[in-house]
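Chemist: Just dropping this structure here.
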Amino acid sequence: MSDTIKIAYLYEDLMNTYGDSGDVKILAFLLKEQGYDTQVDNISLDDEFNAFDYDFLFWGGGQDFEQTVVAKDLVRHRQTIQDYIEAGKPMLCICGGYQFLGKYYETVGGDTIQCLDILPFHTVFKADSRMIGDTEYQTEWGTVRAFENHSGRTYFDDKKKLKPLGKMIQGYGNNPEDKAEGMRYKNTIGSYSHGPILKNENIARAIANEIIQSHNDRLAQTN
Ligand code: GLN
């Protein structure tokens, strides 16, 4: 029996743009308040990984070069990440990490990076603009304020299966047309929000509670 919550931070050393590792620090703080220590494992190139050894998966944003490097490694983990998501376990993916759950991502340099193809969306590049600035959007957990900086424009291929995380008040979110930010599927959240997003306390507390539930379920299964 252990009260240590286990978090896998996917490619932490390569994907952590604009303060995204702050999300994990905020969660560790909130979990500590509720009596739990947190262990964060960096799952990086060539590491073995079984998603079900963890209570929460986190994936931060990345620059195109790092995403190209990571893309070659992550195919090994496709099945375990898909099974984890389908089991309804909690995961938060930011920007480049979010893009990796979809079908493909077109870089500024004109390359198409094959992504995990776990969820039905894709991300394209258009020459005329990069989406940079403050964002504000309405979610189930209230208004979220954050920061975005991405060239990728994400479009859902199955709008029944995927729901947006929020409705834009300010900024771009997934793309300039849909007025929607991020993605929800079961207990997986994808978002373009840095800042980090979990400085927004309501959503941070909701995710912390999901993590505790996930932890209790994992212990119940292993005992
Ligand atoms: N490189 C990706 C893009 O520009 C993701 C950026 C990010 O993760 N901050 O769209």
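Backbone N, Cα and C define each Cβ position, glycine as well.
Bear in mind that TrEMBL entries carry predicted annotations, made automatically and left uncurated.
The active site, nucleophile annotation in TrEMBL covers Cys95. The active site annotation in TrEMBL covers His194. What TrEMBL lists as substrate binding site is Arg130. What TrEMBL lists as domain 'CobB/CobQ-like glutamine amidotransferase' is 6-200.
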Chemist: Average pLDDT across the domain 'CobB/CobQ-like glutamine amidotransferase' (6-200)?
Modeler: 97
Chemist: By a 10 A CB contact count over all chains shown, which of the recorded positions listed here is most packed: Arg130, His194?
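Modeler: Most Cβ neighbours within 10 Å: His194.
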